[in-house]
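K.L.:
What TrEMBL records for Asp538 is active site. Look at TrEMBL and you will find Arg498, Thr510, Asp538, Glu587, His590, Glu609 tagged as N-acyl-D-mannosamine binding site. Per TrEMBL, Zn(2+) binding site is recorded for His590, Cys600, Cys602, Cys607. Residues annotated as domain 'UDP-N-acetylglucosamine 2-epimerase' in TrEMBL: 57-395.
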Amino acid sequence: MEQYFLRMQRNKEKKSMEKMGESNQCKRKLRVCVATCNRADYSKLAPIMSGIKSHPEDFELEVVVLGSHLIDDYGNTFRMIEQDDFDIGSKLHTIVRGEDEAAMVESVGLALVKLPDVIQRLKPDILVVHGDRFDALALATAAALMNIRILHLEGGEVSGTIDDSIRHAISKLAHYHACCTRMAEQHLIAMCEDHSRILLAGCPSYDKLLLSHHREDYMDIIKSWLDDKVQEGDYIVALQHPVTTNIQHSIKIYGLMLDALISFNKKTLILFPNIDAGSKEMVRVMRRKGIEQHPNFRAVKHIPFEQFIQLVSHAGCMIGNSSCGVREAGAFGTPVINLGTRQTGRETGENVLHVRDADTHNKIYHALELQFGKRYPCSKIYGDGNAVPRILKFLRSIDLDEPLQKTFCFPPVKDPISQDIDHILETQSALAVDLGGTNLRVAIVCMRGTIVKKYSQPNPKTFEARMELILKMCNDAMRDAVGLNCRILGVGVSTGGRVNPQDGVVLHSTKLIQEWSSVDLRTPISDALHLPVWVDNDGNCAALAERKFGHGKGVENFVTVITGTGIGGGIIHHNELVHGSTFCAAELGHIMVSLEGPECMCGSRGCIEAYASGMALQREAKKLHDEDLLKVEGMDMKLSEPITAAHLVSAAKMGNSKADAVLTKAATALGVGIINILHIVNPSQVILSGVLASYYQAPVQHVISQRALFSVQNIKVVTSDLEEPALLGAASMVLDYATRRIY
């Protein structure tokens, strides 16, 4: 009996050991091979390598070094990998010297000859490859043909050179993607990549640069690379690479950049270009101009990434065409001048000024004058400092048993918009369209809010005639804009009624504009003018105008109330316009202040508009006139003259108690409505706009001080100084978004 129980115990232990073995086998370490080709990709790969190395229970790290890392002329940068305490499993000399197109092709071929042996020996589960270099294409090709899974970093981006083709080719070879931005993710989806295999991680280099940005020894680093007299923000970092699809033009731009930097007369740290075709000629240009001996310049082949971060973050400006300028520099708000087409299409913060057609020394010099010494808001377009934890989690989730075959989908993609030096040298302007109940107006409005030229016509009564007139007036304005040196960035439309600004559609119109419901304004105007088009309600446009040009500039929370023919307005909350779930968040004229008040045009009763609008006052003025109670002695009123709200105001000022009672009631209704807004939204300021604003300002302020909660009684009510809020608001939609100043 004892032997039986002993045997059972041994069987249990054996089964337990087998289960543990199976469990360990299921959780075996993922063998990850990271391949780095140059100093630039290593700055992105090093944080991932450190993360993998710090989790030996989950991963085995293999490091392969090739490309310009192993060339003396480019700093033998493989040594910094060794200094970072990474064991290099293989070093492959894959660069065929010559720095021309043929040498690049031969280098890819040489890498393809050498890589199979390395991959066969290491047997990685997954190869991590970065970016858009020709060496990376060789890596991805070899791994894909040998059925090794590939994780591609920074796919889906656009930069406007042969790098785009290489990057997208690597994305098609890769099985998994870790991209940096939402737009890059959308590009990958549009390229038919499986959404479930795409990780929106952010840029891994941000993990390091955001941590090491505020180093106490940054001045020591600056002085070690420049000289002891250099001050923070008083030097330039220059880094320009050849564009392999137009080598001669990129060499010309390089020479013009050097001439502009010499003329600008500031200390400049200039890095040698990368190994692409054309780099040798660029170095010759540098040496012909005596840059290495020039007292204002320090020319270097390589700077460790941690030190390079400090130099860029504290520079007065960065110039060239390196991706660092449009990516990492944005994290510090460093002003950047991007020369030529190498980064065309890349997402940028507002710190980047493009000089795409850098055809003169003066244009580059002018860009330096515009940018040097500025400071911009820090941008996190490319990352938030948490990319590596996301990537490690993504690696752990990879199922090695799932098939390598991809699935596909086809979503839409939006194109990025960036600044351009030509836009600044010309007057950046917008076409503003205001659709009122009586008139249709179009204006050319420049960035400062100046109306350069204005056009006005009676608003037609039918949809077809109205659209025809809008397009004709816009085309006339476009032609005039050329002669006025105005570059039109887009069209902004302000219209009465309820508007869906996302789709550019008028959902429901006011009774003043006929045949104007369920109207798509964006599509026909955009198709005819080939410009982006923004559409919004006239009240919202008035609020946008105040935010950009008026009393709302720099105010985080405010409300604009239009007091005109009707009552409308817009709400700015945390610097953003509030539209609401069905786009009627700021129908301020239809706040009810009485259950049994006069009938409103909306069909309800007791709305602010039924008491305080121009139409309501005109109605009351006609009643008094019909009863012969309006006119007072000394009041100038012709018999044939139509009765308006102005007559009511004039009569009240001249002592007509009946007229004064009507206006007091109207001001009280408006004040009570505004108190409701204050209690719900709690803005810090109320701006009255429109023809009745100056009359209503003091009475409304008085009503608030008497009837509002104590905490909002001191909120100021001010009158707008803007003469054309609808046109300026329509223009601001274009100027804010088309120039990327507001996100």
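Using N, Cα and C of the backbone, Cβ positions are placed for all residues, glycine too.
From a predicted model like this one, the values you see are computed outputs, not experimental measurements.
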K.L.:
Given the Zn(2+) site residues His590, Cys600, Cys602, Cys607, which other residues of that chain have a Cβ within 8 Å of the mean position of their Cβ atoms, reported in sequence order?
P.N.:
Gly589, Met592, Met601, Gly603, Ser604, Ile608, Glu609, Ala610
K.L.:
If I restrict to non-local contacts, at least six residues apart, and a C-beta distance under 8 angstroms, what lies near Glu587 (N-acyl-D-mannosamine binding site) in its own chain?
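P.N.:
Expected: Arg498, Gly539, Gly568.
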K.L.:
I want the residues beyond Arg498, Thr510, Asp538, Glu587, His590, Glu609 whose C-beta is within 8 angstroms of the mean position of the N-acyl-D-mannosamine site's C-beta atoms, in chain order.
P.N.:
Gly496, Gly497, Asn537, Gly539, Gly566, Ile567, Gly568, Cys584, Gly589, Cys602
K.L.:
Most Cβ neighbours within 10 Å: which of the binding-site residues Cys600, Cys602, Cys607 is it?
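P.N.:
Buried the deepest by this measure is Cys607.
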K.L.:
Roughly how wide, in whole Å, is the group Arg498, Thr510, Asp538, Glu587, His590, Glu609 that binds N-acyl-D-mannosamine, by largest Cα to Cα distance?
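P.N.:
Across Arg498, Thr510, Asp538, Glu587, His590, Glu609, the two farthest Cα atoms sit 16 Å apart.
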K.L.:
How many other Cβ atoms sit within 10 Å of the Cβ of Glu609 (N-acyl-D-mannosamine binding site)?
P.N.:
27
K.L.:
Taking every residue in the domain 'UDP-N-acetylglucosamine 2-epimerase' (57-395), what is their average pLDDT?
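P.N.:
Here the mean pLDDT over the domain 'UDP-N-acetylglucosamine 2-epimerase' (57-395) amounts to 89.
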K.L.:
Of Thr510, Asp538, His590, Glu609, which recorded positions are close to Cys600 (Zn(2+) binding site), meaning a Cα within 10 Å of its Cα?
P.N.:
His590, Glu609
K.L.:
Do me a favour and check the Cα-Cα span between Asp538 (active site) and Thr510 (N-acyl-D-mannosamine binding site); whole Å is fine.
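P.N.:
Asp538 (active site) and Thr510 (N-acyl-D-mannosamine binding site) have their Cα atoms 11 Å apart.
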K.L.:
Across all the protein chains here, work out how many other Cβ atoms are within 10 Å of the Cβ of His590 (N-acyl-D-mannosamine binding site).
P.N.:
20
K.L.:
Roughly how many angstrom lie between the C-alpha atoms of Cys607 (Zn(2+) binding site) and Thr510 (N-acyl-D-mannosamine binding site)?
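P.N.:
Here the two Cα atoms are 15 Å apart.
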K.L.:
Once the chains shown are all counted, how many other Cβ atoms turn up within 10 Å of the Cβ of Arg498 (N-acyl-D-mannosamine binding site)?
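P.N.:
By my count, 18.
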K.L.:
Expressed to the nearest Å, what is the distance separating Thr510 (N-acyl-D-mannosamine binding site) and Cys602 (Zn(2+) binding site) at their Cα atoms?
P.N.:
9
K.L.:
Round to a whole number and give the Cα-to-Cα distance in Å for the pair His590 (N-acyl-D-mannosamine binding site) and Cys602 (Zn(2+) binding site).
P.N.:
8
